[in-house]
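So that you can see what the record holds, here are the features copied from Swiss-Prot:
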- Asp308: active site, proton acceptor (ACT_SITE)
- Ile198, Gly199, Gly200, Gly201, Gly202, Tyr203, Gly204, Ala205, Ile206, Lys219: ATP binding site (BINDING)
- 462-530: compositional bias 'Low complexity' (COMPBIAS)
- 531-543: compositional bias 'Polar residues' (COMPBIAS)
- 560-593: compositional bias 'Low complexity' (COMPBIAS)
- 613-646: compositional bias 'Low complexity' (COMPBIAS)
- 657-666: compositional bias 'Polar residues' (COMPBIAS)
- 675-684: compositional bias 'Polar residues' (COMPBIAS)
- 685-704: compositional bias 'Low complexity' (COMPBIAS)
- 748-760: compositional bias 'Low complexity' (COMPBIAS)
- 780-825: compositional bias 'Low complexity' (COMPBIAS)
- 833-868: compositional bias 'Low complexity' (COMPBIAS)
- 192-443: domain 'Protein kinase' (DOMAIN)
- 462-705: region 'Disordered' (REGION)
- 747-881: region 'Disordered' (REGION)
Amino acid sequence: MIYTSSDGDWFNPNEIDQDTDCDEELHHLLKFGIIEGKQIESLKTLFFEQTIEDRTKSQYRARHSIFPNEDQPKYSVQFSKYHFDFNLKEGEKCKVGVTLKDKIKINSTGSGKTTFNFCNIPVHSPNIKLTFTPSGGVIKKGQSVEILVEMVVLCTTRVRELIAVDIANSGRHLFTIKIDSKMSQVLDYKELEIGNVIGGGGYGAIYKAKWRGLSVAVKVISELSDGSEFEKELEMHKELLHHPNIVHFVGFCVSPKCLVLEYIEGGSLDKYLHNPNYTFSPQLRLKMANDIAKGMCFLHRNEILHLDLKPQNFLVVSISPEAPVSIKLADFGLATSSSRSFYGPTVEGSFLYMSPEVFTQKKFSRAADVWSYGACLIEILTNKRPYQEYDQLGYLELARVREEGLPPMIPPEIEGDLRKIIEACFHRDHTKRPNFENIEQFLDAMTDSLFNVQSSIDSSSSLISSSPSTINNNGSSSGSSSTSTSPINTNNNNNNNNNNNINNINNNYNSNNSNNNSNNSNLIIQSANNVSSGSLMPSSPGKTTPPLKHSGSFLFSRLQQQQQYQQPAPVLSSHHPSSSSSSSSSSSSSSSSPSPPTTPRKATGVPIPPFSLPSSLLQQYQQNQLDKQLSSSPSNSSLTMSSSTPNQPPTPTQSNLNIVSTSPTSKPIVPLRTFLSSSNDSTCNNNNNNNNNNNNNNNNNNSNETLVKTSRAMTDLTLSDTQKSGAVPSRSVTISGSSFIKPISIENNNVNSNNNNNNNIEATSPEKYNSHRPLPVLPTSNSSNNLNGSIISTSNPSVSSSISQMSQLISKQQQSQQQQQQQQQNTPSRNVIIPNSSTANSSSSNLNITTPTRPKPISSSTSSSSTPQLPIGGNQHSHRPLPIRAASSFEIKNNHLNLSSSPGDLFSSSPSTFEITMMERDTEDLTKLIELRSRTLKCLKVLYYSFLDSIKSFSEIKELKDCIELGQKIRNFKKDVELQCIEHLKLGWETIHDASKKFNTNGKHLQTCPSPHPSNFDGETYNKVVQFRDAAVIVGESALDGLFYLMLQLLPSHNNYRVPILDITVSSTDKIPEKDLIVKIAKIARSLKS
């Protein structure tokens, strides 16, 4: 019994009755005082099993044994209570994250000062946050102090804490806290009983565990992870509400970081699909696909993208078709929240199920999940992995195919409506793919019809035998025609609304297919009453819809075959107006023939098609009625066995229904790589047009050729040896002029002497001419003829004149200069030649002006740095000097460079003509273009070798993180090259690849594949590094092909020698590329270098 002090709020330990029945172990632990490790847990276990009163008694006994005395020991302090309840009632639970407060008083009763200190045992607890204010101090004699205790529960846990207060000269006093928290998503890791490893996620291992008796799956985050993926997946689970097709989120732990999810006993779907011991029925496979679509539709409604759809992330709840849920989605490690398309920094996820825009452009959207869903449908329906046709070609070829964006081949076993869904999911344009809402609506209708058909197969015998009524051709009972036809009409009206939703799946998919037939424009779903068509949904009344290929749906065809073999008695099926071949014959036969019995229908949303009657009593009657109908209107007779051809014998009955057709299939052919140039639209057109008549085949061939030509015109570029002869447009390029001044001066001299047709210059007196030197004496007789002979008749020059013509022009000019020099040495006098404006051809006479003045003698030994020396012959003629004018810088430069030219040319002052200006400008542009080409080629070579060294640096990788970063760097560079080529050259990557491989005789740019040293990694990590390395090398080879192609377009042909470019010898006979091409490639090189 506990006694209180006179104040009413103090416990007096001295007045507590001693109980000798206390646990000796607990007494020993309390007496020992300072304990650690397992002893603390044992103390908590024993201590908290007792009530508050028993705990106080145990502490008093332990203290009394520490301080033995005959009299009752007089303690120096008194406490108001020894248990913190935080104002909660017994059994009441506290909230997580809320601050709880309590108070305790300490009274000093000793003869002096009392020192106290609070501490928690253990001091650091990850589940609660406990503070004492103040946590220690000194209490004077006769005084008391109030301690404020605050606690915050951080997770869902059971708080069992011991609080110790050390009192000087009085030992240690223990206080208890025993509180249970309410449920929350934050869990206590100590409450998890971790079991065996059951799998691995994107960033950690998955364990099977127990949490408060519940089987859970715990995904423990690796210590090497930065935690960003953990935070992302945690946010995804917090945002999601409960959905039957999403794995239930139990909670998470903060330390260590882990996610606690619902444990699914069945495991992943991947181990069932590729295990021959498991065989799934068509109903179960379709139900699995429908469950996945429901889960994805729920995610997209909540603006969440999964981005990692694959069979490994589909958990099997049950393999029974009658179970409410078969599949649940899991693993949101790559999921993200977004309401629109966006570009991410990295690409992760599964290689085979990743959409092309995610794999190549890192573009994430809802359509990316739709593409992955289509790839998963192939594996669920046929047990074949996507891109399985490339297994024999190896991993490298598969990586190249994925890089080019080719979709996987749809197996021929998938037929009808589901094939169209998969084709729509694989649409090249991601905006034309269906959404999961339309897919869910379509699969819901198909699943309901399929299960209704299966249930009607099982119950048709008992239902028909209990109601032997007759039916007419319209499907109504002879006894009550009005009551039996109304459910059919009601069902047709209800299901017509579903057709409008289902047709939305293919509206976008077929919008661009101009060659599609009208019967394939939408997803055609026929009436469930027409068993021969194999349809799953009734069509609209009065609308004729031709039957689908292969009986519309391969799922229904398998059920139909099973029905035929199990119930061999043929029976007439009810006809819908849309399925009748001739209305007139149908009406006549219905009025003349009696009605056989019919199958009662259930009141369901989808009508149950009639099946064969197994009753042996009605077989003879049915055979007689069948003979009558066949004789009366053979065109209207429709047997339930019409799904098989008349000449084809029935196949044996199969015990287990297969989801695929049993027709023999040829070995899948690997699609050609030229398929990249054609879109999915052309592929769908070819598939749809194969069912047309022979008249349409010619149109298909013509359309295919048009598509191929159009695609090649848009994406291909052929390397032509013949270049255009048009003039290169002028473009300002800053280069040095010293390399081409001499050819310009030579051409100017030639053109000045041969341009009499366009210049009308009158001969003037010598006083009108300004010169910085005296005019020379004109030569005698034959000088004009010699000069005229040195004039070269040139055509109107263009910028595109070839180098060979230029070299011939230069050689002729040199010969003429040599002749002029020889003539000048023989002539005794000097002359000035002024062209006459009246002459129109080379035979016209030139006006010769001779100066009669005597020139001043010039010494042959004198020289000038500004003007060349003039040779003076023996015949000295007197002349007077003309007014001196300043020489231009261009003339001075020409005088320095053309020392070998004739003196008469140096002093010729005739004005430049239009042809001379064009020649100067064209030659200058040509030289600048050649220099731009050489600089661009040098830049591309530097980029080529530097990028080659980057790929070779894989041999120096020591961590998986560095390998991923290097691979991403290589991918980004390849993408930059591709985008630049598309922007400037309008070229597809297939054209660049083919052209570079044509000239690159080595085949590959890398002779040996760089490999990191295996000692730096463990076995599993090294395999991942090798896979990343192989994919990066393939992408790097493609980027090197692009750089090599750009260099091939800049073949140097302005020099008369052979120039090696990356081990390829280029002939000098190649012509200079067009100016536009050089400028575009220069822009690409500048962009890549920056």
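Note: Cβ is positioned from N, Cα and C throughout, glycine not excepted.
Per-residue confidence over the domain 'Protein kinase' (192-443) averages 81 (mean pLDDT, predicted model).
In the three-state DSSP classification, Ile206 (ATP binding site) falls within a strand. Here the Cβ of Ile206 (ATP binding site) has 20 other Cβ atoms within 10 Å, regardless of which shown protein chain they belong to. Listed binding-site residues: Gly200, Gly204; maximum Cβ neighbour count within 10 Å falls on Gly204. With respect to their backbone Cα atoms, Gly204 (ATP binding site) and the residue listed as 'active site, proton acceptor' stand 16 Å from each other. A separation of roughly 14 Å, to the nearest angstrom, links the Cα atoms of Gly200 (ATP binding site) and Asp308 (active site, proton acceptor). Counting every protein chain shown, the Cβ of Ile198 (ATP binding site) has 15 other Cβ atoms within 10 Å. Distance from the CA of Ile198 (ATP binding site) to the CA of the residue listed as 'active site, proton acceptor' is 19 Å.
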